[in-house]
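Undergrad: Grabbed the feature section from TrEMBL, which reads as follows:
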type	residues	note
DOMAIN	431-688	domain 'EAL'
TRANSMEM	7-31	transmembrane segment
TRANSMEM	43-64	transmembrane segment
TRANSMEM	76-101	transmembrane segment
TRANSMEM	121-143	transmembrane segment
TRANSMEM	164-181	transmembrane segment
TRANSMEM	187-203	transmembrane segment
TRANSMEM	238-261	transmembrane segment
Amino acid sequence: MSIANAVMVVVFIFFNWRVVYAVSLSVLAYYYCFIGKEIDVAFASAIFITLFPFLFSQLFIYLYKQYENKNFSAVIGIYFVIIGLLLPLSTYVTAMTVSFFAGSEPLAMNFMAYSILGGMLTQLSLTPTVLVLFLLVFAKLGYKSKYLEFSEEIRQSKNSSPSHLIWLSTFIVITVIAVSFQNALVIHSLCFVLLILIIFGFGRFGLVQPLLMATIVTLVMLTESLDRVNTLRTLDEQFYGLLVVLAVMITLCYAIAGAVIKNFELLRQQIKLERIDPYTDLFNVKQLEEDLSQYKKAVIVYLDLLPTMSKLADLGYQGKAQLIFQLNNYLTIKNKNVFRCYRPPFSIGILGFAISDENIDTKLNVLVSQLKKFQFYWGDTSVSLVSPTLHCVKITKDDDISAIVSQLCGQPTMLNTNINWIEQESQLVRKVDMLEYIQNVFKNNLFELNCQPYLKLNDNKESAHSFEVLLRINPADGMTQVVTPAEFFPMINLFELESELDCWVVTHTFKLLNEHISDWDKIEKCAINLTAKSLSSPTLAQDILKLADKYEIPLKRICFEITESSALQSEEKAIDTIQVLRRAGCKIALDDFGTGYASFSYLRRLPLDILKIDGEFIRDLPVNETDRLIVESLSNVAKDIGLETVAEFVETDEHINLVRSHDITYAQGYGVAKPRPLKAFLIEIMNK
């Protein structure tokens, strides 16, 4: 009957009122067909036996829903009070009331004790066991139970596999010994030892296993005692004493389980506050250190999001946090090697790690491919990542993770690079060496000005020359370190020397123009790049005007290109600077147009004269119809608002013909002219 009561409560908890009729009919059939009761007695029994389990199950469900998402310890307490205490007590009180009004003899006190204690033991040990068995069956069918997951989470949080094995083995050995004895004293003594062992395991080894073990021990003790009662045909004080002791022990188990759950929830909440970013739900570096402690060798991966974030200036912090949140969900779902992502402090990017093995390169290449397919959805817009670069470093268990993460996040932005491997042992030394190298370049004036001419399209007659000023490094004798522009310019950004570099370029360009240009009619446009940081300087415009006056430069022949790969740090100051320069006669071009979210936003807000269409859309123009449509639409937009256009990466005659057909104003690239020293180019055009 105890098993029937347990199953009945579980069924009502799972299926609510939908099974009331089926359960009532089952009880009616049992009493009428198998027990042989009269129909009215069987009917009354069916109502009485099913009514209270149903009512108290519904009360438990109602209260459970109030606390479901708050804490599990409250759910344990509610179950203990409603199902474990009030249900058996109400059942007995109702039976006693019915007996009184029916004129029957009052129920004996020993029956009361047996009814209440027996019902309590059934609902506190057998019913939860049946409930767990139901959940395990449903789990096989794909149903996920938060309680089973919670129990496993508690067990895993203790990280005590050896002690768990010892605990489980000890239980099995003592249980086998107990059931092999016929002596009641030995059986009960060993079972009490098992109950103490189970109490010790509550929380340390989850909740499900200790619960199942407690049910087994309780059934062993009750089976032995009931055998003795059936032999003696009397319920003696020893039997009632056993029921009381078992009830106390089960109550103690519930109290310990509630305390363990509460402590675990508090700890989990504290960990969440300390280790999870509230805006993106990503874990921090502290959690990364704990996760990496399980592996002897791994690869930490840092995804630099600065190229993308710089084009999303209008989104604000909430929008950028949403980008990281969507990216985290995308990677953890799409890539089985990405367990979770992490948010490093004071940086614009996310961290992850992979187990270091012979397939690590394949894993990283797959990750790069997936990143290139990622789309960030914001409002009615979807945006892909701009030049996603993975900075990777191999680590061992004894490495200082915080220091390595700091080095990773300090890497300069690298465009058109998929994977950048870093040797952590030499990274700090190389950074110091690079700073020394840059300082030497500035100190010894080792920069060299180059230029790349433009071709003016749809203009058959000979016209004045247009060109972009480029910068190269000319190492001095004795300098063994060779640094490519791809390495050098990110370091300029890293050490925040953009303003100094821009100042050098403008000054020395104006100086060369002054020295070698005698006929300004041969110069249509000299384009000089300005970084976003310099453009936001409040003194830049006046500094340029003073230099132009000093070197007698007609500013109507000068064009300043805004590098759109980085966001304007102070847009209001930048607009003021641009307006001053335009009033002085300068042209303003927006570089790398079309690759980012901010392109059209800048186009609307900044006073511009020229758009330089990013080479990403020009490179495959002869074979890519989509690129053709994009270039055509960008050209049309520029024409409609009165702007000239420059196509970059024009490498062949076919490229030239195609961009000409789309009414592009200028072409630039190896198909037009390769970069050359600026001084030699100026001398050449003056001698023509």
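A Cβ is built for glycine as well, from the same backbone N, Cα and C atoms used for every other residue.
What's the neighbourhood like for these features in this structure?
TA: Long-range contacts of the transmembrane segment (121-143) within the same chain: residues 2-3, 5-7, 9-10, 13-14, 79-80, 83-84, 87-88, 208, 211-212, 214-215, 218-219, 222, 243, 246-247, 250-251, 254, each at least 6 residues beyond the stretch ends and with a Cβ under 8 Å from a Cβ of the stretch.
Below 8 angstroms of C-beta separation, residues 155, 158, 187, 190-191, 193-194, 197-198, 200-201, 204-205, 209, 213, 216-217, 220 of the same chain, each at least six residues beyond the ends of the transmembrane segment (164-181), sit close to that stretch.
Beyond its flanks by at least six residues, the transmembrane segment (187-203) meets 154, 167, 170-171, 174-175, 177-179, 181, 209-210, 213-214, 217, 220-221, 224, 242, 245, 249, 252-253, 256-257, 259-261, 263-264 of its own chain at Cβ-Cβ distances under 8 Å.
For the transmembrane segment (238-261), the residues of the chain that approach it from at least six positions outside its boundaries are 71-73, 76-77, 80, 84, 110, 113-114, 117-118, 120-121, 124-125, 154, 188, 192, 195, 198-199, 202-203, 207, 210, 214, 218, 221-222, 225, 228-229, judged by C-beta separation under 8 angstroms.
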Undergrad: Which residues of the chain, 6 or more past the ends of the transmembrane segment (7-31), have a CB below 8 A from one of its CBs?
TA: 37, 41-43, 45-47, 49-50, 53-54, 56-58, 60-61, 83, 87, 123, 127, 130-131, 134
